[in-house]
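Features reported for this protein in Swiss-Prot:
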BINDING   61, 158, 177  substrate binding site
BINDING   197, 198, 237, 238, 239, 240, 241, 242, 243  ATP binding site
REGION    1-297  region 'Glutamate 5-kinase'
REGION    298-671  region 'Gamma-glutamyl phosphate reductase'
């Protein structure tokens, strides 16, 4: 679930000097104590960037809040019970700043020292900047520190500052640490200013409002009158309002600014990699083309509304819609192939892995296969309204459990455009609204397939039943739509599935790896075994039901069958890796792990003693997807079928038969 590089942030590759401002809400926890974990992650990022050659300057808030918490505790332990009954006076902020500054810098020094980094403290006031000599000396000092790889840590010297509230006035040089960081960015000629906050960036409204949208690029002409600011930070001076003013000031002077969350441990590094994180302020933003993008939330709401309005029609006519779409796919095969070939060519030129390119390609006959599978689903028994269970609660009172649509589904899928067709057909047949987010490598293929499908949907249902997210919204943003999306189904790598499961409150239905095995028993028909093994590996190597591990009974070595099977695989271009026994016997590289999905013309081979050893191997290293035995001994086959713990277990059949359309079930779209 990695974020892609945003073209509008391509300038990040040229950034050398970065000023990072961290707010009080990031530095401290809710109760006012130091957020040691967050500060540790911040220092680790700064260490990494420092090692990469970046000039890093830190502006840190927090002393007043930290000092207040410490002085309150000190006052509490020195107070009598009678003292505590009296009205409590607010602590002097300047005294709080003096106490807190020491604690904050002590922590920074400790953290940086553990990382073999040296830091330096610089306290300033607004009056200091009225002196030209001060500004010149400040620049020289910082230049010397950066040359020595020292991290300058700035803060306003609140303990002796003479400025009175309100902090912002027309004559002020700066009025808080946000404006201080903007001023320093100009004085020290920074290439980028990063303002870390307790929210992910600038929203169109209060971040707590589910209808507020994160603004990725701030356009003053467009946004300044549209934004509704919520409450200020729980502990800072000005909150988001102050950050926006400081960011606009710096951006207009030519310093790009990004406001982002200080709670995510890798955000600064991700920003510098050009990822679309937080809100960017740039002097040229008003000149960038403003593309009208349909918001994913709007799509999800529209899909839900269409689904509700067309529920009865979909239940009665959903099969006919699928038959019409199947015909449309075949009628538009030529243009679909053209768009898909463009994606494949672009992926090859970009240097994508061969396994990804293989999943991306719609081979000859694939469109016809998708259309035929859609017709199979259309002719299935109606999945909605079926009575699954009936219970008599009392005399004459019957409780029925019936199947019904889930609602609006978000499907996140990688590489494979055929998945779009499979998923759309299942959604229509089951009466669900759909939001699709495909990989950028299949952009053109997904777009044409989506267009063909929605144009075949009758007007009284509407194409909004199935939405394709083509905006630059990243998956993390989609996973926040828990109020309008009912289920997330990820189809892709184990990494994608795991990341989605840990990143959303929406229920997730997803599988992990497709580590499928074929075990060839000593009783196998060798010709049948060779055909099954070749089909399982070579037919579609990138499929999740392709064979990844070949297990062979030890007795087949003496019979010479092992060499025949291996020779056939090599003839088809399959790269072989071995377990401890097979690698030595066949003189092939040893596999680094038995739990590995190649998704290409490669597989692992290993020798086992008997069917029980094969079963133990599969249950230990497999992914519970699909596993097959090739055997003429029915007793051995039945042991395998009963004891292998997988979703599909076959006897004398290729793992490639593990397909929902062939099973005439709905599961294919979700696998």
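Using the three backbone atoms N, Cα and C, a Cβ is placed for every residue, glycine included.
Recorded features from Swiss-Prot, shown on the structure.
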residue : record                 : Cβ contacts under 8 Å, 6 or more apart
158     : substrate binding site : 63, 64, 93, 94, 97
177     : substrate binding site : 21, 23, 59, 60, 61, 155, 156
243     : ATP binding site       : 178, 195, 197, 202, 259
Within 10 Å of its Cβ, which one of these binding-site residues (197, 241) has the largest number of other Cβ atoms? 197
Indicate whether residue 197 (ATP binding site) is helix, strand or coil by DSSP. strand
In terms of DSSP three-state secondary structure, what is the assignment for residue 241 (ATP binding site)? helix
Diameter of the substrate binding set by C-alpha atoms, the set being 61, 158, 177, in angstrom: 10
Reduced to three states, what secondary structure does DSSP give residue 61 (substrate binding site)? coil
Rank the binding-site residues 61, 239 by the number of other Cβ atoms within 10 Å of each Cβ and report the first-ranked residue. 61
Averaging the per-residue pLDDT over the region 'Gamma-glutamyl phosphate reductase' (298-671), what integer do you get? 89
